[in-house]
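*Asks:* One structure, pasted below without further comment.
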Amino acid sequence: MAAYDSLMVFTGNANPELAQRVVRHLDISLGNASVSKFSDGEVAVELLENVRGRDVFILQPTCAPTNDNLMEILTMADALKRASAGRITTAIPYFGYARQDRRPRSVRVPISAKLVANMLYSAGIDRVLTVDLHADQIQGFFDIPVDNIYATPILLNDIKQQRIENLTVVSPDIGGVVRARAVAKSLNADLAIIDKRRPKANVAEVMNIIGDIQGRTCLIVDDMIDTANTLCKAAVALKERGAERVLAYASHAVFSGEAVSRIASSEIDQVVVTDTIPLSEAAKNCDRIRQVTIAGLLAETVRRISNEESVSYLFNEEVMTGSMLLP
């Protein structure tokens with residue numbers, strides 16, 4: 001990709017490695033800024049170069065530590081706004097707080113996803129770019145444009161390179177059926193669904209498998225892996241019902257708590273995730289966990305937004321496996 005006079009990309013401390021990969025694809029340098037903390041823990045931001053009139057992107061996931069990383073975005077956006085940046089887009093590969101998107105049974109809880117959307121708007125951000133939002137309808141919480149892109153092209157390319165035989169794509173729950181069905185269609189593979197239900201109170205949850213998995217390689221697809229507890233239980237259920245191998249592909253490697261050790265001792269043969277969230281050392285050293293990069297996809301999306309080109313074009317079937325999306 002060629003360099004652009006107006007485009008600038010800044011990052012905080014959440015995932016600088018991904019930001020460096022993105023700017024290499026764009027053939028530009030990463031914006032020069034100091035993002036640190038004062039002695040009392042408050043976020044300290046200083047822009048170290050001119051941004052007046054520029055088209056600026058802040059690339060930062062709001063993974064753990066979620067609040068610190070979110071505050072870095074907000075303070076950096078405020079600094080850019082006060083320095084007269086022409087347009088401010090925040091690229092949030094992993095959008096934290098997305099699971100708090102409703103009030104189930106009208107319980108007294110916040111809708112934190114909406115609160116974060118309001119905070120980003122109030123900070124002076126003009127546009128938001130995300131990857132695989134936990135729920136697509138969160139885009140409606142924003143009063144500014146949102147481009148929610150999908151890691152599917154990257155994951156599909158990786159799956160196809162593995163040349164897996166007897167493949168069945170598995171949705172880990174009813175809510176993930178649309179995603180799993182789309183992947184199965186792209187791979188010309190069978191589809192299975194895990195139906196989790198608790199027969200009655202104080203009775204262990206039962207996992208029913210809808211679909212034929214006997215002797216098959218089962219590929220579980222999901223948007224994120226958090227504690228990996230449900231994923232590991234699903235792998236046990238699939239193996240008990242005759243699955244030959246169990247693989248898992250997910251966009252976001254949240255890996256909270258004992259997730260990595262759970263995966264290492266589970267029935268899962270391999271977990272493949274993208275680099276929207278950086279891996280811990282434990283995850284990097286786990287031979288069952290492998291990471292692929294979405295830097296090429298993010299860079300092309302940034303380029304298209306900056307040039308006022310179509311983003312949805314990237315997800316047409318004809319171009320979903322295009323070389324411009326590869327690392």
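Any Cβ shown, glycine's included, is placed from N, Cα and C.
Sharing the record's features from Swiss-Prot:
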ACT_SITE  K196  active site
BINDING   D40, G41, E42, R99, Q100  ATP binding site
BINDING   H134  Mg(2+) 1 binding site
BINDING   D173  Mg(2+) 2 binding site
BINDING   R198, D222, D226, T227, A228, N229, T230  D-ribose 5-phosphate binding site
*Asks:* Under 8 Å Cβ-Cβ from A228 (D-ribose 5-phosphate binding site), six or more apart in the same chain: what's there?
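*Replies:* In sequence order, the residues whose Cβ lies under 8 Å from that of A228 (D-ribose 5-phosphate binding site) (at least 6 apart) are F255, A259, V260, R262, I263, S266.
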*Asks:* Checking the spread of the ATP site as listed (D40, G41, E42, R99, Q100): what is the longest Cα-Cα distance, in whole Å?
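*Replies:* Per the listed residues, the maximum Cα distance equals 30 Å.
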*Asks:* So among D40, E42, K196, all listed as recorded positions, which is physically nearest to T230 (D-ribose 5-phosphate binding site)? Use the C-alpha atoms.
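*Replies:* Of the recorded positions D40, E42, K196, K196 has its Cα closest to that of T230 (D-ribose 5-phosphate binding site).
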*Asks:* Out of these binding-site residues, D40, E42, D173, D222, D226, which one has the fewest other C-beta atoms within 10 Å of its own C-beta?
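*Replies:* Candidates: the binding-site residues D40, E42, D173, D222, D226. Fewest Cβ atoms within 10 Å: D40.
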*Asks:* Measure from the CA atom of T227 (D-ribose 5-phosphate binding site) to the CA atom of G41 (ATP binding site) and give the result in Å, rounded to a whole number.
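*Replies:* Distance between the two Cα atoms comes out at 28 Å.
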*Asks:* Near the Cβ of K196 (active site), how many other Cβ atoms are there if near means within 10 Å?
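*Replies:* For K196 (active site), the 10 Å Cβ neighbour count is 15.
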*Asks:* Mind giving me a neighbour count for T230 (D-ribose 5-phosphate binding site)? Other Cβ atoms within 10 Å of its Cβ, every protein chain shown.
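*Replies:* Taking all protein chains shown, T230 (D-ribose 5-phosphate binding site) has 18 Cβ neighbours within 10 Å.
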*Asks:* Looking only at C-alpha atoms, tell me how far R99 (ATP binding site) is from H134 (Mg(2+) 1 binding site), rounded to the nearest Å.
*Replies:* 7
*Asks:* Pick the one among the binding-site residues R99, H134 whose Cβ has the fewest other Cβ atoms within 10 Å in this structure.
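*Replies:* Sparsest of the binding-site residues R99, H134 by Cβ contacts within 10 Å: R99.
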*Asks:* Round to a whole number and give the Cα-to-Cα distance in Å for the pair D40 (ATP binding site) and K196 (active site).
*Replies:* 46
*Asks:* Looking at the recorded positions E42, Q100, H134, D173, K196, whose Cα is closest in space to that of D226 (D-ribose 5-phosphate binding site)?
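*Replies:* Nearest candidate: H134.
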*Asks:* Starting from the Cα of D222 (D-ribose 5-phosphate binding site), work out which of the recorded positions (E42, Q100, D173, K196) are within 10 Å.
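*Replies:* Of everything listed, what lies within 10 Å of D222 (D-ribose 5-phosphate binding site) (Cα to Cα) is D173.
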*Asks:* If you measure N229 (D-ribose 5-phosphate binding site) to D173 (Mg(2+) 2 binding site) at Cα, how many Å is it?
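*Replies:* Rounded to the nearest whole number, the Cα-Cα distance is 13 Å.
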*Asks:* If one looks at the chain holding Q100 (ATP binding site), which residues at least 6 apart in sequence have a CB under 8 angstroms from its CB?
*Replies:* V109, P110, I111, S112, A113
